[in-house]
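Here the structure is laid out as structure tokens; the discussion comes afterwards.
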């Protein structure tokens with residue numbers, strides 16, 4: 001199997017799965033940028049962070065493919081080849097650093113997107129608090145991965161005199177804390193989302209879209225379970241499976257981060273009749289009657305009070321109950337949430 005890695009069915013399956021998932025992540029980032037062009041909205045910080053997450057996710061995928069094909073992650077026959085073993089341990093360390101960087105950038109992108117959509121001060125404070133915890137988690141993970149063995153080279157060369165901590169316990173801690181962060185990120189927008197004035201069907205649809213991150217949580221749980229079963233006898237196969245789940249987690253994270261902003265692209269690609277059917281199911285009746293947005297037939301006789309925030313039209317002087325519409329350009333009310341289909 002070492003002479004012909006791609007002759008093994010497990011290797012073919014792993015390489016195919018992570019390659020397809022990486023390609024899907026790339027397509028969704030392209031859709032994200034395309035959606036910005038359709039809506040004529042400039043690329044924002046959350047977009048750049050998502051692109052950064054994609055770059056590290058793709059790099060992690062390339063490393064995993066090389067690990068399967070060239071460094072024998074599935075092969076037990078290379079156990080006596082010291083050069084291959086050293087390369088394998090180096091790949092494990094680099095892969096872990098690539099993974100934590102990718103998921104941190106993706107999670108940060110999602111949280112900044114939340115900040116862009118929802119405006120309440122308490123919510124934004126919560127978002128920034130979660131961003132701080134996310135950054136601390138990233139820093140702690142990088143330091144732990146680099147300092148678990150002293151000297152540093154002992155991470156891949158066990159013949160060097162030194163000490164190493166419990167790698168298995170570290171991997172479990174990183175996995176458990178990561179799933180807690182994912183759950184917090186998924187749950188963060190739900191209270192605000194369900195307070196929006198929109199039909200229940202549409203709330204359910206949007207909640208489902210934002211809850212796609214739960215699939216990533218399931219993958220993380222499986223990865224944790226795989227880590228707990230690693231022994232000296234099955235290390236090669238278990239680490240190969242861990243690499244597969246790691247690549248899936250980062251690639252699907254990119255897809256999940258792009259879903260809320262790719263609606264314009266899918267509207268452009270889908271048949272019109274399907275869009276109409278989906279719109280009727282998700283939109284329902286308007287929360288504010290459309291006639292409230294109409295211009296009055298006699299603008300000199302009808303005033304628009306300031307306290308009616310739904311109309312969002314400036315009033316004249318306080319003592320004047322009318323407004324001269326000839327000097328005002330009236331535009332329908334709009335919300336930045338319209339970019340995301342809210």
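Cβ coordinates are placed from backbone N, Cα and C, and glycine is handled just like the others.
The transmembrane segment annotation in TrEMBL falls on one of the ranges 204-224, 225-245, namely 204-224. Between the transmembrane segment (204-224) and the stretches 12-35, 47-71, 91-115, 127-153, 173-192, it is 173-192 that has the most C-beta pairs under 8 angstroms. Under 8 Å from some Cβ of the transmembrane segment (12-35) lie the Cβ atoms of residues 6, 43, 47, 50-51, 54, 57-58, 61, 64-65, 68-69, 240-241, 243-244, 247-248, 250-252, 254-255, 258-259, 261-266, all in the same chain and six or more residues away from its ends.
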